[in-house]
Every structure is written in structure tokens, then in C-alpha cells.
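A.B. asks: Relevant sequence annotations retrieved from TrEMBL are reproduced here:
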- 81-93: compositional bias 'Basic and acidic residues' (COMPBIAS)
- 431-440: compositional bias 'Basic and acidic residues' (COMPBIAS)
- 325-377: domain 'HNH nuclease' (DOMAIN)
- 61-97: region 'Disordered' (REGION)
- 402-440: region 'Disordered' (REGION)
Amino acid sequence: MMGCMSSPDPAAELAAIFAVDVTVADPTGCATVLGATRRLRGFIDQVEAGVTRRMIELHEEQGAAPAADVHARTGGVSSAEGKRKERRSKTLDEAPSFEDALGAGEIGAEHVDALANATAKLDDDVKDQLFDRESDLLDDARRLSPEEFGRSVRDLARAIERDNGIERATRQRKSTFLSRKTNTATGLVEGRFAFHPELASKVFGPVDRHVSTLIKEGAQAGDPECVDRSVDRNRLAAEALGELVASGNQNLHPGTADATAIVDATALVTGEIDDDTVCETGDGNALPPAAVSRMICNGQVTPILVDADRVPLAAGRTVRHANRAQRRALRAMYRTCGFGDCDVAFDRCEMHHIVPWEHGGSTDLDNLIPLCSRHHHVVHEGDWALELAPDRTLTTRQPDGRVFTVSEPDVPPQRRRRRTVDEQEPAPAPERVRERQPAA
């Protein structure tokens, strides 16, 4: 519904525009055309906001297409512009007087967009208090450019935040984060972080002190870099952080290992770990064999033993649901859903029994495979039959007779899992999932 203020007469504004020959108009004539254009544009923007509001209602109540999509499809605008128009309409719902002023040509759509952008990330309480001052905001919008108005709104929001006691420390805590990823080129785990000051002091104070301790110990042991203080303190800081975290883990969680390592069972029994031995962390990062041997000796890792085909051994057994050891063992084989090239991460998957539990299937590794929720539903509700070979090649048989074969998982995350077909099939295309026609 449009605002109650008087809107311009579109016909009169159009008449005023066409009454002036802009190719020979004097300054007064140009000003007349621009004024009529602004009022007409405001009227159109107000109508558009009302239509957008209705499209939002239709989407929420009847499942019609989203307003932004309709704008993009029928209005000849980009998807981003369609979303902007939707935000504009929602902002006018919160500040109705702005819609009236827009229709009267007193402000432009850019003023409404500036208000929307300035309030987009505010807490609800702050936003409510800001819109309680709607009259003052509208006065500012009438006299300021859109850019100046946006800055004015942000300044007012900051003042309200200060009045509410939302201090800088609180915002810093909300912005604190720690992220990491593996650089596949170097094998290094790289990270980004932003700590609030209190957390930073808790982390880097002990790290700096431990670095000094490491340098002192190194000097006493005769390490030349520590003796002449040329050692890379950044490298030592990383080592110090690791030692401190490991020590804290043992204090907080006694008896738990610091990490998980995947190791050849034969190598562990014989004690012969060489460069051809499977040695990597639980998340797929390669480890030097010597480091794995040392960490196992020190009890710093939980080893997952695998055979030559990378199939985990001695991973444990439980009743119906896969236990923690079994999930850890399956994670050693699968980074993602076990069905083809599905990229849903392992930790978001559900453990599926190849032979259903209710039909006598056991909860053991040779009867378990991780499936994402979508594929899990498809298998159960679509009546698909799964077969898992000893090398974990997965065969899927659908009710219509189609058969798919999914090769064994290729564990390291930096290598895409292969897709193959049975040996009787022609040479496989570069796909891990291959459809086979039902036998005649």
C-alpha cells in the first residue's frame, strides 16, 4: 500500500516534460524538466516498492518466485539490482515516511538504499532505536546527498551503540576467528586469525616466554643458531605454540592423543618405516616416517593401522551405531561422501549399513560406508541395493536395472578420487562413476 502523502500527478509531470524542447531550452526550462523528472521517478519508485512488497508476500505465502528474481527476469535488471530493489522495499516497511517522501519526489531511491546499507548489519535493538528517530532521519535525507546521508546514519548508529554499552571489546570478541587450510603445493598447513587483545595476550605471552626457553635450551645444547641468536624466532614461535597446545591438551583431556596418524600395520609390527610407507595425519597431510615413529613412541598420536590397500584394521566394533573408533577409521579412507564425486564432507555424512542392521547386517567396517543425507535418503527410499567389495569398490543397483560402479576411495584430499568401471568394460573415461547397462 502506498503512503498517504500526496503524490505527483504522473500525467501532469509528463505534460510538463513534453512541453519543453530540451534541445533549445533555457536554464529555467531545463530546471522544469529535471524537477518533473525527479517527481515522476519518485512516483515510479514508490509504485515499484509497492509491487515488490506484494511479490514478497506472494513468495512467502504462496511460494511464488522471489521478488529479486522477478525483477531480474521482467525488469531487465541484473540479479544484484533485483536484490537491491527487494532490500529497498523492506527498508521502506521499517520507515514508512520515507516511502511517502519518495513518492513525492522529496528524496531519491538512493537515499533509501543508503539507509538500507547503513542499517543492514545492526543489532535489532540498535536498529529499532535508530528507526524510532525516523523523523530526524527523513529531515537529514531531504537536505543531504545520498552519500552524506549514509554517513550520517552510520554516525547515529555508532552513537546508539555507545549509549547501549556495546563497546569496542565486545565487537572485537565477535570478530575473533581462527581458520586454516593445507597448501597442496608445499604441504604446509597455513592459517589466518584475528584475536581480541585479551585472547592475544593469553596466546602470545606464553608463546614468547616459551620461545626464550627454547633458545636457552638450544644454546645449552650447543645449537649454533641459538648460541649466536640468529635462529628464526617465527619458526620457533610455531614450534612453541604446538608444544604449549599439546601440553594443555594433556592437562584438559588426560589420556587423549594430540593427533591421528595413518600407518601401515606391517610397518608398525616390523618397526621398518621407510619412504614408501603410508604415513599421514588423519586429515590427509603427509608426515615423514621418522616423525610418525617418534610420535607413536611418545604416545602423541592415535595410530590407525591400514594394510597395503589402505583398508583400516583393528578399528573396533559396536552394536548398531558406528563407534568413535570406527568413524575415525572410515575418515581415514573417505574425505567425503562415499558415493562417486559427491563433495559433502565426511563429518556431515551418516554411516550407512550396506546390509541393513534390521536384516542381520553387522556394524563393522566391511559393512559401513559414509553417505551424505541426500544419497542416504536415495538409497533407502529409492530402494537402491549397494554392494561393497573388499577393496571398497562400491556397486549400486537401481530398481530399473541400471548398475553403477564406484571405485575404491583415493584418500589424499589433493587428489581427485578416480572413477572406474569393471575390468570387463571398455577403457574407462576420466570419471569415477560409470553406468553399466543391465545384462540382456
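Every residue, even glycine, has its Cβ placed from backbone N, Cα and C.
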A.B. asks: Please work out the mean pLDDT for the residues of the domain 'HNH nuclease' (325-377).
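C.D. replies: Per the prediction, mean pLDDT sits at 84 for the domain 'HNH nuclease' (325-377).
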A.B. asks: Mind checking how the compositional bias 'Basic and acidic residues' (81-93) divides into helix, strand and coil residues in DSSP?
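C.D. replies: In the compositional bias 'Basic and acidic residues' (81-93), the DSSP-based counts are 13 helix, 0 strand, 0 coil.
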A.B. asks: Taking helix as H, G and I and strand as E and B in DSSP, count the residues of the domain 'HNH nuclease' (325-377) in helix, strand and coil.
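C.D. replies: The domain 'HNH nuclease' (325-377) comes out at 23 helix, 10 strand, 20 coil.
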